[in-house]
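Per TrEMBL, the features are:
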BINDING   B:104, B:144, B:149-155, B:179-182, B:187, B:210, B:267-268  ATP binding site
DOMAIN    B:108-297  domain 'ATP-grasp'
């Protein structure tokens, strides 16, 4: 168990690492960040940083020597990196969570083996295998590389009549998975935390709208029937236990409706804090970032209650040029990531809004 | 006017500077800190720091070259330091606010000249002058050095029969002021912000309880009659305008009652964010730290509305040993300052609590 004055090491220096560092500070914890990118947003707010590649074992050893626990802000941490560091310090969440969530096939098989529903899926190792999968699952379907894809990269949608061989080329002939389309009525996610002693706390289910494969807006409370909400929570708890998970994670879910009855299917698991949980910074008693720090520190989990109706809207690319009008909106909380260039599709920040109730707060 | 990506320079590296840096980051602003103390809490969370004395002009020049505006987290910034820096970059709040608030006599005279009530006071330059002041004001009274006192240091209480010459020795025979006791029923403060264009926003009046001259607990809403509350707000606005103030400041006030009618007298002005405003981090739409950053950046002031009933309790010295039980209290927000040694009387952190209403927040 850490104490105030301890140091957390974060692999990865993007906005998630930055926001973790900002959440660790009020808890009296220092943060060190390791990342190969010299312009890492997280470098601006941490106590010390190491700018090195993830396979630079000398740098990893130096990094480990200065921290009391290591965590990460992106799931594609090389397993060799995690292993090297765990020779010196605990790495949380642990290797099991990393190994499973880095590979879409392993992840879907793991979920299915827990008796939890997912989209229909099949492993694809070559073009003949893809053709067999297409025949079994049907089209439309999505062909995704097993590893390294995110925000719509590393995947191709196949519709009836499309060139299957062309799709296989388009994903670079990497080991892949074919996922059947899910006729979802809504997309939701659940962000939750687990501690080593199995203590568990979930935030309210979040409703998510994507644009061009990137999250656009998250809202709470989600529109979802009560039974399906309970299922989402149970699924998150089950997954966390089965992964021996320590920290915050997110489960993205599809909502499907059958004769008016809603149910949820697991889409993806992220072994980290998640974009769909940013609303918690201003809309819950404890933010997902503070919750993750508490969990990996071995500290009591914070109160996850929602404060009211909340939404988060991402600022992608030149959306960020609206920063000044956004600052002028009463009650709109601006969160910018300290990035220089507002490239198309780049997450530059987000805004959170909270409505506690419709009555004005009594003034003095 | 700053833009996201600009850099704020902070003179002083204590907890106030630390919390300013943490508030600047989500607005996309970098922070550099200059302080002579190598263990400065603010050094742990800023983009760059300079560990140098405030009269090291070379260091000041280097510091100024790297920032777009300078502010400070303690009022006793040497005027020569502020002047040197303002050759290169804007220093906000400006020299007028610093000069007046650094000297208790200048400050009280300034307030009195605005027609605002204070404790009775007289200038004291020598022992005969002290004896004249005692005769004029009466005892009990407090003898305070004009400069450099805080949290009870640099002052001596004189009661009838006390050794006046001894009191003069006890404060080191420094230029001083004698303040008559105020029979206050309560102590309150108002924390507010002003922009260069005279835009003004005040947080709700805060009720404060001190222990051993150090703030112990702050609560909102304050218990105070409506007219006195309006006066407090008007006083803050008047003081800010008269000082051409830019940024957040605090006015500490005594509440006196005359035949059941409450009124306020100004006690002290702090040209900075203030301990009695920490509740705003979790209890107001915008924290005092974010508000100060907005003001000095030339950005729109944030919504200062209170979210509910709130309190802050300081963690002084070994109070901080309660950090683990405090972390376990649902809804209690822990704010630690990253200091090493929990010396008696040392501000190690604080906790904020918020009660939005007495009903439980509806869950999912």
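Residue positions begin at 1 at the first shown residue.
Note that Cβ sites are derived from N, Cα and C of the backbone, with glycine treated the same way.
What you see is a predicted model, and the numbers here were worked out from it, not measured in a lab.
Comparing Cβ neighbour counts within 10 Å across the binding-site residues B:104, B:150, B:179, B:267, the minimum falls on B:150. With a cut-off of 8 Å between CB atoms and residues at least 6 apart in sequence, the same chain places nothing near residue B:153 (ATP binding site). For residue B:182 (ATP binding site), the same-chain residues lying six or more positions away in sequence with a CB closer than 8 A to its CB are B:119, B:254, B:256, B:265, B:267. Mean pLDDT, taken over the domain 'ATP-grasp' (B:108-297), works out to 96 on the 0 to 100 scale.
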